[in-house]
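Novice: Straight out of TrEMBL:
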ACT_SITE  Asp43  active site, nucleophile
BINDING   Asp43, Asp45, Asp239  Mg(2+) binding site
ACT_SITE  Asp45  active site, proton donor
BINDING   Lys214  substrate binding site
Amino acid sequence: MGQLSHGLLRPTPPSVLTAAANPTTPLGMIMQDRKPVESWLSDMDGVLVHEGQPVPGAPEFVKRLRASGKPFLVLTNNSIYTPRDLQARLARMGLDVPEQAIWSSALATAQFLADQRPGGTAYVIGEAGLTTALHAVGYVLSDFAPDYVVLGETRTYSFEAITKAVRLINDGARFICTNPDATGPSVEGALPAAGSVAAMISKATGVEPYFVGKPNPMMMRSALNTINAHSESTAMIGDRMDTDILCGLEAGLETILVLTGISSRVEAERYPYRPSRIVNSVADLIDEV
């Protein structure tokens with residue numbers, strides 16, 4: 001797995017390994033020098049929803065989060081949808097998540113580009129979630145000598161658009177991708193995602209993209225900044241060791257792996273790093289909010 005090798009390059013602090021040695025340690029007491037959890041970050045697919053259905057206990061977990069008044073964000077590497085779109089999709093599944101509590105790789109990418117090159121230009125392969133986010137930070141979308149080629153998810157990857165991206169990168173445009181996920185979930189099965197298309201463009205150009213979404217800890221830091229939270233008092237809930245947990249660890253967060261998505265308990269043991277805790281699902285965390 002590509003992201004596993006990514007993790008191997010980064011030494012894991014001894015305190016993290018020590019803290020994770022006992023997976024039954026109560027949340028908030030895993031590391032003696034950590035503060036109680038005051039803010040929550042949660043992945044979406046595999047944690048709150050799975051194959052178009054809510055994970056059992058997820059609606060109650062979200063309801064408890066909202067009632068607690070604690071800051072929280074639902075994170076997704078999917079850049080197709082706007083927060084409003086995702087809010088509506090979650091609402092149809094009984095999950096009452098406010099629009100402002102959704103943070104996508106598209107939003108993180110737009111924020112990153114606005115910080116790096118304010119008022120820049122970009123050639124974009126993606127859908128409304130990405131183009132809307134870029135417009136919101138003042139970016140102009142153009143195929144004439146753009147500052148960046150920005151690749152996100154789309155349900156209709158065009159060979160013509162990919163060819164244009166290759167030529168623009170060869171001409172000097174910087175290559176950005178919203179996330180490195182090779183595949184994405186759907187009811188029908190796995191779908192090729194941005195990471196797969198990025199690999200094709202990289203092969204054609206010899207240029208590797210800068211990935212903004214998970215497992216880049218920048219995704220977590222931008223999320224923390226959005227809700228004015230601090231890493232030492234924030235927990236990250238995820239279903240993937242190679243993105244959610246790795247990203248959370250590298251950003252200094254409490255990390256909780258749920259077993260309702262990609263990674264199993266057996267698979268988790270194969271990684272050189274561990275989550276702070278493993279639980280069956282978010283239902284096990286309701287009373288800890």
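Glycine is treated like the rest: Cβ placed from N, Cα and C.
Note that TrEMBL annotation is computational and uncurated.
Are these features on the surface or tucked inside, and what are their neighbours?
Specialist: Mapped onto three states, the DSSP output places Asp43 (active site, nucleophile) in strand.
Within the same chain, residues at least 6 positions away in sequence whose Cβ sits under 8 Å from that of Asp43 (active site, nucleophile) are Val74, Leu75, Thr76, Met236, Ile237, Gly238, Asp239, Arg240, Asp244, Gly261.
Under a cutoff of 8 A between CB atoms, and with a sequence separation of 6+ in the same chain, the neighbours of Asp45 (Mg(2+) binding site) are Thr76, Asn78, Pro185, Asp239, Gly261.
Under a cutoff of 8 A between CB atoms, and with a sequence separation of 6+ in the same chain, the neighbours of Lys214 (substrate binding site) are Leu75, Asn77, Ser105, Asn179, Met220, Thr243, Asp244, Leu246, Cys247.
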Novice: Tell me the Cβ neighbour count for Asp239 (Mg(2+) binding site), meaning other Cβ atoms within 10 Å of its Cβ, over all protein chains shown.
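Specialist: Here the count is 25.
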